[in-house]
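Feature annotations, reproduced from Swiss-Prot:
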BINDING   GLN161, ALA178, PRO179, THR180, GLY181, THR182, GLY183, LYS184, THR185  ATP binding site
BINDING   CYS859, CYS862, CYS872, CYS875  Zn(2+) 2 binding site
DOMAIN    424-600  domain 'Helicase C-terminal'
DOMAIN    779-935  domain 'Toprim'
DOMAIN    953-1221  domain 'Topo IA-type catalytic'
MOTIF     284-287  motif 'DEAD box'
ZN_FING   56-97  zinc finger
ZN_FING   856-882  zinc finger
Amino acid sequence: MVLKRAADMVPKGFRDLVEPILDDCADLEELADRVVETEMEPDEVRRRDVGNTDSNEPVAIFGSSCVLCGGDCSSVRLTSRIGICERCLPVDTETLREVLKEARKRHGYVGEALLMFILVERYSPDRVEEFFRRYVWPELFTEIVDRVFDRATGFRLYSAQRVWTRRLVKGCSFSILAPTGTGKTSWGSLVAAVFGHAGRRVYYLVPTTTLVRQVENRIKGFARDAELDVDVVAYHAAMPTQAKREALERISSGDFDVLITTAQFLVHRVEDLEKLNFDLILVDDVDAIIRGTGRNVDRVLRVAGLEQEEIDSAYRLATLRRRYYSLRDWLRSLEDRGDKRAERVREELREVEREIEELEELLKRVKKERDLARIVFMSATGAAAPSRRLAVVRELFDFEVGAGGEGLRNIQDIAVISEPSPEAVERIVRKAGVKGGLIFVPQRLPGEKKAREIVEELAEHLRSSGIEARAIHAGTPAEEREEAIDGFSEGDVDVLVAVASPYGVIVRGLDLPQAARYAVFYGVPRQRIRLTPREEDLKDPTYVASALSNLARLLDDRRARSRLEGVAGRLWRIIRRGTWIRERLEEAVEPLSLNTLMKLAKRDPEDIAEQLDVDRWLARHVQTLAEGVRELTRLLGDPDRVKALAEEATTVAVYEEGEEAYLEVPDLRTYIQASGRVSRLFAGGVTFGLSFVLCPEDERELRTLNGLIRRMSYTYGSEFEWRSYPKSLDMKEIGLELKEISDEELEELVRKVDEDRERVRKVLAGELKPEETGRLARSALMIVESPNKARMIASLFSQRPSRRRLNGGVAYEAAADGLHLTVVATQGHVADLVEEPGVHGVLRIDERWVPMYDVLGRCSECGEQVVGSEECPNCGGEVELKTPLLESIRELASEADVILIGTDPDTEGEKIGWDVFNYLGWTTAQVYRTEFHEVTRRGISEALKEESWKNVDAGRVSAQILRRVADRWIGFSLSQDLWDVFKHLEIKLGELPSGSRIEVRLDIPSGVEVVDFRRTFDEDSSVRSRSVRLRREGDEYVVRTRISRGGDVTYTATLLDPNRKLGDRNGVRPELVRVRASVNGEPVDPNVKLEPMTWLSAGRVQTPVLGWIIDRAREYRETEFYACRAEVPADDVTIRALIEELKVPRALTEKLDEATIRVLSKIAEEGPDAEFSEEEVGRFTETELFERKDGRYRLSEEGRKVLESEGVIGLMLHLAGVSGR
């Protein structure tokens, strides 16, 4: 039994779980026999595949595409997602396709994998172990976990969980950034149970004692229900003393399979944990565990098997990479200016490069030699992760933790027309159903009370009214804060009251879709912009960007507004790149006076870099800040004008406090983030919530509310219009009109909120499968061309997408519109036409021209683009092929349910997409084409909808193949002719001083012409070359000149050699070119080099040319000619037919003499305007095919028509008196 061999390849510990699967799949051997019966020669398989393909469908051969041998394979097999060539599986492709479909129908993904295993074991037994490891074992392990989950819960894994499982079994470490309710903790508990049963040691790290208990119970429940043998140890602060002691003893001795603790245990016991040799580390809610310090990252890595010195080396490497890019940019700036410091910076850059190489080699050796644990970081938000310390994880484990998005919103916003007061808040809380409330007090409210004081008063008032409320602010002890949040999550606390601070723990860090139902704002969230800024304000990039953004909205002058918004936008981009960039910028401008800083706005970045002794990269940012300060100072120089503009704007208010004046603007970001706590993404979609904003009938407050509504509508749009309660709002003078929401409508909205929370509860309790919600049911891989586009697409759905560093590229991950989305880029074309075999890389198979492609690459030395070779044919350098990138894309494809090819929506993009499709290899995923015409949230969302998915457009692909073949057959052939005809002559005279008189003489064969002669200069020169005049003296070309600039003197000449006297592209004859030179009258021996100009190109064949070719081909097919060759000596005429059984008319053999041949030859050589004497024309002077003009004979109009329509052979037949047709 072939499947018995598969069982032998299963890693120890898992075999008892695999055997039932193999027993269920025993019928696959019968299916395999059906395929084996169609065995035939590989060439016959390919011929059949090509011959049976519709003529309208593109067909090609792709080199380096077989997943087994790495050889070439036909697109017929590759686009059938088989991925194995005809030599490795010499069976009928159509039968194989049908049987694979049947195997999947019977046994799912694992059925396909095992069927392929049986066939590979039969035909390619030497490669079966590699095939099992890469393709079969991931599916088998996923099936194991799936069946365990089914036995324990009655549910099967859903798509994202299958992706995580496949990724884990392949030995990857990775991060999971997925919404609450998508089953991260369930999946982690499940794989922990399976790994523990197989004898692998697992460490499950969680942030709280509550989660320790939950995970412990879940793992033990899985083990009990699925009959797994798993020894679980949990440790937390709430355990009895004796239980703690026993747990510590078992941990110290390693007497467990799965260990579950909080992060506090990790902090205090890391030395004990790093001795235990874990196989898998699961970090649940990673942002909570590493919040506030990166040292927990180091501790996790130590437990994974790394030494602290190695972790520090990884951190040093991440720091050096940033330093490298900074130095590189600075060096370019110094070199451009000719600054003498360039050599010092260049030496430092070399030192940094050397250290980077050493550290990369060290870490590569560590990862190869050390048996490190796999690490999985899980998070619903990821927002609080300290990215600088996590750079260590990127260097060691090739992935990054991302951050979730805040753009998803399903909220009804309601303006409550009432003076903010505890009583007003209580009324709204009761109207909203009490439980699940978040009350936010904005900062800088009118009055003397601070926001923190109001928070405490509100909480106290609600508690005295019978509503369980807790206050949370910066002064709340961490334990009380955690207790309040846990109580809110469990339903013991009704309401949380907090400050609406953009960085508050409730505003940014609360992700409880099952608990948070509604939000109440104790006034409109706002920011204040000082209209009389201090010097330290103007040197703060955040203040300048914020002030410019808000003041720009007040301006009616479109050009001025656009200018301010442009500067503010550039500053925001700098700020968002990271704290360290802002710190460097502030450090650079700190010593400068404001006047000096503003003067830098008009200076060149290179001058700024020299003045401040910084790199050009930072100098550009300093210039941007200086420009912002100048614009802001100019605008704030007239406070009365600013106040007048604010009055006209109707969306902001001016607030005066003593001698200080402030501009109050709505804080949209804080409002969106805070209200977003009641509308969270989970496995069933986005929860519905309510947001109430208390606002008094005061014009200044209403202006701020109006600004909030308008900016929110402009920035995000809204599915629901703002409403007002308990009455309508009509302020036409400021453009604010809101429709009243009735008590009945409000009650209906509250019911909708409750229904949504019940659905969340069922998903979290396992009573409702994620698939039953219709959302997040599938994992998708989107393939685009540009890396920037890939990053932008993922960023549309996530603040900071998770990143996986691939071999040759980067993949980005995010939850997007019901899909677990991974985006990767091809970085342009991945394949191109080879030069051989066939006719310039085009084969003839079964009466069809079939192009052959191979993987593209680029020479690391000369930059030459190379196809299918690891050695550059131009310079012999090493070629960096795209094979590693394609292998990585194959790995990603093996994890996905659906693959979306999102290359550019044109013929070239279609062809790139088709090439990638062919290189996907063997995959169980469905492959579709999707298009988008704008990289916006709306554009990508449309492309991700299933109704937008389609097949690759065969017509577009065929059009691009035709264009490329035409380029090769015509353009490439013409280019080779150019290489034969044009030669490059280089004459080096060596180092010469300025003022030297030079004479150069060229003696070249007759018929060779010098079409260009010039002096070339080195790369550092601003002028790369200068034309030099040649004179003809007898048989020689002569140059006489005095050089004004000394240095290395080199001349180059372009020679036109139509008769190829100097050789061709395959070799030249330099001895035929004689060069004599003298300097200041003294002969010198120049260094002379002659070579074909192989860098010349005839260019691409454009569409009109293709049209002409198609028209001529059609005429050729529709025109019948006799094909023959005439050999004439003397009186004997021999006709040799080039087609069988050609019947040659007797008249032709009688009249085709030497004179006729001479006439025809001259017309063939000179064309229809060829002229003849009367003697040359002979007996044809009287025919209608010739006419006489000025004593000479040439073809008549009738003769020209014959020549044009029937060619020279047709004219020959007419001259012989025989019909040309």
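Backbone N, Cα and C atoms are what each Cβ position is placed from, and that goes for glycine too.
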Given the binding-site residues CYS862, CYS872, CYS875, and counting only Cβ atoms in the protein chains shown, which has the most within 10 Å of its Cβ? CYS872
Starting from the Cβ centroid of CYS859, CYS862, CYS872, CYS875, the recorded Zn(2+) 2 site, name every other residue in that chain with its Cβ within 8 Å, sequence order please. SER860, GLU861, GLY863, GLU864, VAL866, PRO873, ASN874, GLY876, GLY877, VAL879
Tell me the Cβ contacts of GLN161 (ATP binding site) under 8 Å, same chain only and six or more apart in sequence, or just say none. GLY183, SER186, TRP187
Same-chain residues at least 6 apart in sequence with Cβ under 8 Å of the Cβ of THR185 (ATP binding site), in sequence order, are LEU211, GLN214, VAL215, ARG218, ASP284, MET378
Is CYS859 (Zn(2+) 2 binding site) helix, strand or coil when read with DSSP? strand
Most crowded position, judged by CB atoms within 10 A, among GLY183, CYS859 as binding-site residues: GLY183
For CYS875 (Zn(2+) 2 binding site), just give me the three-state DSSP call. coil
